[in-house]
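A.B. asks: Have a look at this one.
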Amino acid sequence: MLRAQRPRLARLRACLSRGLHHKPVMALRREDVNAWERRAPLAPKHIKGITKLGYKVLIQPSNRRAIHDKEYVRAGGILQEDITEACLILGVKRPPEEKLMSKKTYAFFSHTIKAQEANMNLLDEVLKQEIRLIDYEKMVDHRGSRIVAFGQWAGVAGMINILHGMGLRLLALGHHTPFMHLGMAHNYRNSSQAVQAVRDAGYEISLGLMPKSIGPLTFVFTGTGNVSKGAQEVFNELPCEYVEPHELREVSKTGDLRKVYGTVLSRHHHLVRKTDGVYDPVEYEKYPERYTSRFNTDIAPYTTCLINGIYWEQNTPRLLTRQDAQSLLVPVKSSVVPVEGCPELPHKLVAICDISADTGGSIDFMTECTTIERPFCMYDADQQIIHDSVEGSGILMCSIDNLPAQLPIEATEYFGDMLYPYVEEMLLSDASQPLESQNFSPVVRDAVITSNGLLTDKYKYIQKLRESRERIQFLSMSTKKKVLVLGSGYVSGPVLEYLSRDNNIEITLGSDMTNQMQQLSKKYNINPVSLTVGKQEAKLQSLVESQDLVISLLPYVLHPVVAKACIESRVNMVTASYITPAMKELEKSVDDAGITVIGELGLDPGLDHMLAMETIDTAKELGATVESYVSYCGGLPAPEHSDNPLRYKFSWSPVGVLMNIMQPASYLLNGKVVNVTGGVSFLNSVTPMDYFPGLNLEGYPNRDSIKYAEIYGISSAHTLLRGTLRYKGYSKALNGFVKLGLINREAYPALRPEANPLTWKQLLCDLVGISRSSPCEKLKEVVFTKLGGDNTQLEAAEWLGLLGDEQVPQAESIVDAFSKHLVSKLSYGPEEKDMIVMRDSFGIRHPSGHLENKTIDLVVYGDFNGFSAMAKTVGLPTAMAAKMLLDGEIEAKGLMGPFTKEIYGPILERIKAEGIVFNTQSTIKL
């Protein structure tokens, strides 16, 4: 291998016109970009061969290089710092730009052939210095296969690393395994030592010392190149058996625990045409976009460790997407009763070693390479986040991009053996002469990226790629994502603030409240547009059609109007409000339009759903059953600001709050359906709360709770109730207003602008059926009787001035007028704070028969001179869902609530960073 082929040497020596004393000089530069880069392109034995041919070889001193400088000197190299004498300079990785020397021939891995942005400054400097650059990556044979590469050693090191990582991960899951005795590849002096450690681990496996509860371990190798072969060399030292991909399912369940199983995956094993499920290799090469991968369904569910050695090209199917990872991390129910000290794996797929280190490639969620210093991370698919700990939920990931540097001596010798036959002709390169005058072999000539200050013909495409990328970057910077926010009420502030953190989002705010829009425009970079939804449909439609997303913060009755405009323009939409029957009627139209409309993203509904689904899904994963679910939530004034007859204040329009008590409600209690009629009788359903006793709370059922048995997937629950929390006394006061007819949404002509103004005394006289001219005492007496002799309710009416001469606001209905009046009397002052109180209670029956009583509490206070608690807890989850849609994190289409992990998982995780933190407690009854 060290002797160059005689015909090639004869040809090269014939080209050497200079005398022996003018022979070219070669230099081995030291690696100085990465602390772990201890390799060299040639080993001492190669230097010895070159010096025997009469060439001078300079060795730049390096204490980092794994092979000692003395070894190179013994081989005939000359140790010196100054390498300007050399015409050929060899390295492994790129040199710093400031150390490049003009009109020299350099050979190294430049990582420029795809116009990689990180190395374009290097390429510019190479061109400026008129350097002839030979890139090892492009030294290929007539079939296009690489001749010079470290691939095999990347596979060897990667496999050793992931076995070590699996030992750590399995220990975190409660299992000691023989893999715990393996270290990282660089901890071994050479691969022989590492292999011996693997053999020792394999011996323990063959003795049956693997934990039974984790089942047989399966390893899947993608690709058939040097990377995969190197990884398999290490794997073969274990007691292993190779099976076909279609056999994985069976061996993953019933395989022998005294061995591990492997399969080598080729394209035909998982790629199929979308139309008929057939694989045609010729067609795939031409039209990869016609194909999809079945890896996620046919192979990944039965894989313990994936060793990926393939690169991803645009338009080709990925091996695994983010959504695939979510489904793969769902635990499979076991028929075996779990033992506390011997748990089963939470999911089959434990680890991925992505030796390709291709970020955003065939493994979609591998977005950043790990390093030798920090080799592992965990991808939590539910939360769609990456964290460094080997504990917690997720898949262990290892994606080091310089793996061969962990076994530097053997990697150097291996690489040098392949490079050595071409070194002498590279030595004859004169960078000052035209490339055409050089007598290079095709292998070397076709690897020359630059020469004489220009890109060579074969690589002129790099400049076009750069220009194309720069255009795309410019367009992406100039083409912002457009969001239309409808409504400028209390909730809009947190929504606008959260979205404004991303400079790539352009926000338009549509509202008919000019003053509020102006105030918000001063705080946030938004485009204010005057718009009255419901009366300006054409203007709404023209606004919507230019957007990427619409957020409706309007009253719920207007959401269908907005949704229709979104359907027409095929624009996604989110809202915090309930998915009403009117919205539900649009479900088919939403599906036909292929858009996403997400509702119930606020607090209640919203965060209550998300917490419920997270708890319920977790219980199901454990094989448990949810027997009861009770959730109460309320927006309240802070206790120090609750001194009024309602014990309540309004942070937005009171209409919805008032009308809520007029609605019927139904819930399930101990297996029986309880129906509550709205209006006067709702007071009978009010219950005092025994938690947070210092707050003196009461609660009442909210609308139809029973339907959530199906939505939440807990049809077996005997108790299911969703309710509203208030301070004690609120319900009684509101009940009085119902008796007086003040909570009535029917049209009331006497309150319209064209009618004569009315005082509250006059309106109340009309409502109780006496003359408007009746004296105050008479009205008070009749009202007292109407209220059933309840002094508390009478005092509430008097406190609000309903028996006085204050003018009634103009409105379409009595409840609208009453709402405006309440806003004037019971709005929050500039220094007053609100609070949110929510409690979710679950009864969870575990497979052991134990009953777990679990509570989740949320208490949030408004900020002094900042956002209210209600605005934060409604606006932030809505804004987060909107951002997730814009960023492509939510791919599902249709009308939906936040009932899937894809939606609730990231929101519940991210909202913690905003200071909204939940407190969870559990007690177990034996």
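Using N, Cα and C of the backbone, Cβ positions are placed for all residues, glycine too.
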A.B. asks: Please identify which of Leu499, Leu554, Leu622 is recorded by Swiss-Prot as part of the NAD(+) site containing Ser488, Asp512, Gln516, Ala576, Ser577, Leu603, Asp604, Pro605.
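C.D. replies: Among the candidates, Swiss-Prot records only Leu554 at this NAD(+) site.
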A.B. asks: According to Swiss-Prot, Ser577, Tyr578, Asp604, Thr724, Leu725, Arg726 bind L-saccharopine; which of Arg703, Arg752, Arg772 is also listed for that site?
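C.D. replies: Answer per Swiss-Prot: Arg703.
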A.B. asks: Which residue among Lys70, Lys480, Lys780, Lys820 does Swiss-Prot mark as N6-acetyllysine?
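C.D. replies: Going through Lys70, Lys480, Lys780, Lys820 one by one, Swiss-Prot annotates Lys780 as N6-acetyllysine.
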A.B. asks: Looking at Lys45, Lys138, Lys212, Lys481, which residue has the N6-succinyllysine feature per Swiss-Prot?
C.D. replies: Lys138
A.B. asks: Where does the N6-succinyllysine label fall among Lys104, Lys458, Lys672, going by Swiss-Prot?
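C.D. replies: With Swiss-Prot as the source, N6-succinyllysine is noted for Lys458.
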A.B. asks: Which residue does Swiss-Prot record as N6-succinyllysine, given the choices Lys99, Lys523?
C.D. replies: Lys523
A.B. asks: From the list Lys114, Lys259, Lys535, pick out the residue that Swiss-Prot labels N6-succinyllysine.
C.D. replies: Lys535
A.B. asks: Looking only at Ser488, Asp512, Gln516, Leu554, Ala576, Ser577, Leu603, Asp604, Pro605, the residues listed as binding NAD(+), what is the longest Cα to Cα distance in Å?
C.D. replies: 26
A.B. asks: Taking only the residues in the region 'Lysine-ketoglutarate reductase' (28-455), give me the average pLDDT of this model.
C.D. replies: 92
A.B. asks: In sequence order, which same-chain residues at least six apart have a C-beta under 8 angstroms from Ser577 (L-saccharopine binding site)?
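C.D. replies: Correct list: Ser552, Tyr556, His559, Gly599, Glu600, Gly602, Pro605.
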A.B. asks: Is it possible to get the count of other C-beta atoms within 10 angstroms of the C-beta of Ser488 (NAD(+) binding site)?
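C.D. replies: Step by step: centre on the Cβ of Ser488 (NAD(+) binding site), count other Cβ atoms within 10 Å, giving 26.
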A.B. asks: At its widest, how many Å does the recorded L-saccharopine site span between Cα atoms of Ser577, Tyr578, Asp604, Arg703, Thr724, Leu725, Arg726?
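C.D. replies: Max span of the L-saccharopine binding residues, Cα based, is 20 Å.
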A.B. asks: Can you tell me whether DSSP puts Tyr578 (L-saccharopine binding site) in helix, strand or coil?
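C.D. replies: Going by the DSSP assignment, Tyr578 (L-saccharopine binding site) belongs to neither helix nor strand, so it counts as coil.
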A.B. asks: What is the nearest of the recorded positions Lys138, Asp604, Leu725 to Lys48 (N6-acetyllysine), using the Cα of each?
C.D. replies: Lys138
A.B. asks: Sort the recorded positions Lys523, Thr724, Arg726, Lys761 by C-alpha distance from Ala576 (NAD(+) binding site) and give me just the closest.
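C.D. replies: For Ala576 (NAD(+) binding site), the closest Cα among Lys523, Thr724, Arg726, Lys761 is found at Thr724.
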A.B. asks: Nearest to Lys584 (N6-acetyllysine) by Cα, among Ser488, Lys535, Arg703, Thr724, Lys761 (recorded positions)?
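C.D. replies: Checked the recorded positions Ser488, Lys535, Arg703, Thr724, Lys761; minimum Cα distance to Lys584 (N6-acetyllysine) goes to Arg703.
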A.B. asks: Which residues, sitting 6 or more apart from Arg703 (L-saccharopine binding site) on the same chain, put a CB under 8 Å from its CB?
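C.D. replies: Spatial neighbours, sequence-distant, of Arg703 (L-saccharopine binding site): Asn660, Gln663, Pro664, Ala665, Arg722.
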A.B. asks: Among the binding-site residues Gln516, Thr724, which residue has its Cβ surrounded by the fewest other Cβ atoms within 10 Å?
C.D. replies: Gln516
